[in-house]
Amino acid sequence: MFLLPRFILVSCIIGSLGFDNPPTNVVSHLNGDWFLFGDSRSDCNHVVNTNPRNYSYMDLNPALCDSGKISSKAGNSIFRSFHFTDFYNYTGEGQQIIFYEGVNFTPYHAFKCTTSGSNDIWMQNKGLFYTQVYKNMAVYRSLTFVNVPYVYNGSAQSTALCKSGSLVLNNPAYIAREANFGDYYYKVEADFYLSGCDEYIVPLCIFNGKFLSNTKYYDDSQYYFNKDTGVIYGLNSTETITTGFDFNCHYLVLPSGNYLAISNELLLTVPTKAICLNKRKDFTPVQVVHSRWNNARQSDNMTAVACQPPYCYFRNSTTNYVGVYDINHGDAGFTSILSGLLYDSPCFSQQGVFRYNNVSSVWPLYPYGRCPTAADINTPDVPICVYDPLPLILLGILLGVAVIIIVVLLLYFMVENGTRL
């Protein structure tokens, strides 16, 4: 009976030998209520249509292809679909949201609105866009695209002013100048409508600089007016530069309603597409995997800039992307990161995903889920099951009392026996 506490302690020490619970560099999920947004590296349909069907093209394990939890499109991204004619209707829903896309709009594509524009501005736009997407998908279950209907009472049509290579901007739309206007010093309006979603992410953009047309310089000025609430959202050009500027966008989160787009100078812009956010949920951080090229192409870090705790966990490989299918598809490091989608995990943190919820040598930063208690389990003389000192102290006291009782009893019986002899 008195050996039981000692037996428990010895069993605890033996059971803890060699155990560790470090954070792992993967994306995972607490349960089956998750969803992934991606590109060709997780586009199972694209692989099915290749000949032969070579799944080494993907970083995603093909066992997940029939899960119904993936919305991916080769050659595309959510940002690219949001702004340009090259469109894919990303649609998905889950408590735990994972993003592995963005590489299809990088400095490698060198997009800018005009020949004297700036791709740096578009990288800034990308970062601001994904910031809004990640923040809002931490509190919404559902993401999809919706068209935004608008009514312009003039005779002018939308124009493809902003284009580069194969990319043509169509969100927001530019309304061309009316034929009876001699310059761009005029005010013009258009109605647009948001309905059917809890909230929407829409673009509000201006050329932030002196826009030259026919020897005249113009300052862009754009506003959205909510006719139901009276709230005004606006941007005015503040820069005096005449080259090296581009289309600066802010990404507004708006409620349903009737809106008026207003231009006080230069061309009127009006949103044509929106991210539709639906089904509020309890706060659940999103997970983002860095979407980048092999080093032979220039990538950016805008998804990393956008993904900040506590609303987002960022995962990245420590090595260059080197694919096995081709140089940009099928990298072992990123395949390892996505392998966490094959199983449930109890705890997520800034450092990584914890496979167990008992103890770890690393204290989870910005933890979410059922997370372990930190303890120094790298010290070989200290078992992980004694990370809390109070049970150890109590156990020591009990062992001491047991030893004293045993000694007293032995002395008592020895004396008793000696007396009888």
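Placement of Cβ uses the backbone N, Cα and C atoms for every residue, glycine included.
The structure displayed is predicted, hence computed values, not measured ones.
ASN89 is the residue among ASN89, ASN104 that Swiss-Prot labels N-linked glycosylation site. Candidates considered were CYS44, CYS113. The record in Swiss-Prot pairs CYS65 in a disulfide bond with CYS44. Listed in Swiss-Prot as the disulfide partner of CYS276, from the options CYS197, CYS205, CYS312, CYS347, is CYS197. Under DSSP, CYS307 (disulfide bond) is assigned to coil, being neither helix nor strand in the three-state scheme. Looking only at the recorded positions ASN89, CYS113, CYS205, CYS249, the one with its C-alpha closest to CYS371 (disulfide bond) is ASN89. DSSP states for the region 'Esterase domain 2' (267-379), grouped as helix (H, G, I), strand (E, B) and coil, give 16 helix, 37 strand, 60 coil. Neighbour counts of Cβ atoms within 10 Å were taken for the disulfide-bonded residues CYS44, CYS65, CYS162, CYS312; the minimum is at CYS65.
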